[in-house]
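In what follows, a structure is listed as structure tokens, so that the remarks can point back to it.
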Amino acid sequence: MMKVLVVVALLATLISYSSSEGIDDLEADELLSLMANEQTRKECIPKHHECTSNKHGCCRGNFFKYKCQCTTVVTQDGEQTERCFCGTPPHHKAAELVVGFGKKIFG
């Protein structure tokens, strides 16, 4: 029985060592991915800023990604143009309010 335990311990050690090298490789890949995401996050459009030219480039808020909300603006010349800004849609505001309220009560 003792021999079986020694063999199992040896196998567990070998498996953990070989998987740790694989994990190191995965951690390096994950770090590169996080750095790329951070660069993308820096390039995103903040809340209340104009997103007319890039409607899918809004940043993330606390819980949800901001949505590009557009309105039609009529100039003094009578021209209609579309102006867009990054903001929180009403249903996301409601969800954030409920979550915030829940955190205050249960948190």
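Including glycine, each Cβ sits where the backbone N, Cα and C put it.
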Selected from Cys51, Cys58, Cys84, Cys86: Swiss-Prot disulphide partner of Cys70: Cys84
Candidate in Cys51, Cys59 joined to Cys44 through a disulfide, as Swiss-Prot lists it: Cys59
Other C-beta atoms that fall within 10 angstroms of the C-beta of Cys70 (disulfide bond): 13
Top Cα neighbour of Cys70 (disulfide bond) in the set of disulfide-bonded residues Cys44, Cys58, Cys59, Cys86: Cys86
